[in-house]
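Novice: I'd like to ask you about the structure that follows.
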Amino acid sequence: MRALTLLALLALAALCITGQAGAKPSGADSSKGAAFVSKQEGSEVVKRPRRYLYQWLGAPVPYPDPLEPKREVCELNPDCDELADHIGFQEAYRRFYGPV
């Protein structure tokens, strides 16, 4: 009984495999690649807000560092710059110019 069931399943599997091998895609599928989409369709799916993007890179624009002007002031003073290398910018700026 098991052999007969196994033989029937193998015959059914063989029919399914040979039937799919000879089948051709339908007219709707053959005109369009199912795995590929056009650039326009792809960009409609993945839309990003453009307000924070570099125009040439497509990466988000970094927010300006509020401490950058103070860091430049400390870099112009050789003593502050040297101390910043040892203890960090914020502490060196605080020691030379007051609170950050």
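Placement of Cβ uses the backbone N, Cα and C atoms for every residue, glycine included.
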Novice: Mind checking which of CYS16, CYS80 has the disulfide with CYS74 in Swiss-Prot?
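Specialist: Swiss-Prot annotates a disulfide bond between CYS74 and CYS80.
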Novice: Long-range same-chain neighbours of ASP81 (Ca(2+) 3 binding site), Cβ under 8 Å, sequence gap at least 6?
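Specialist: Same-chain residues close to ASP81 (Ca(2+) 3 binding site) (Cβ under 8 Å, separated by 6 or more) are CYS74, GLU75, ALA92.
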Novice: Which whole-number mean pLDDT does the model give the domain 'Gla' (52-98)?
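Specialist: Summarising the domain 'Gla' (52-98) by its mean pLDDT gives 86.
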Novice: Measuring Cα to Cα, how many Å separate GLU68 (Ca(2+) 1 binding site) from CYS80 (disulfide bond)?
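Specialist: Computed Cα spacing between GLU68 (Ca(2+) 1 binding site) and CYS80 (disulfide bond) is 15 Å.
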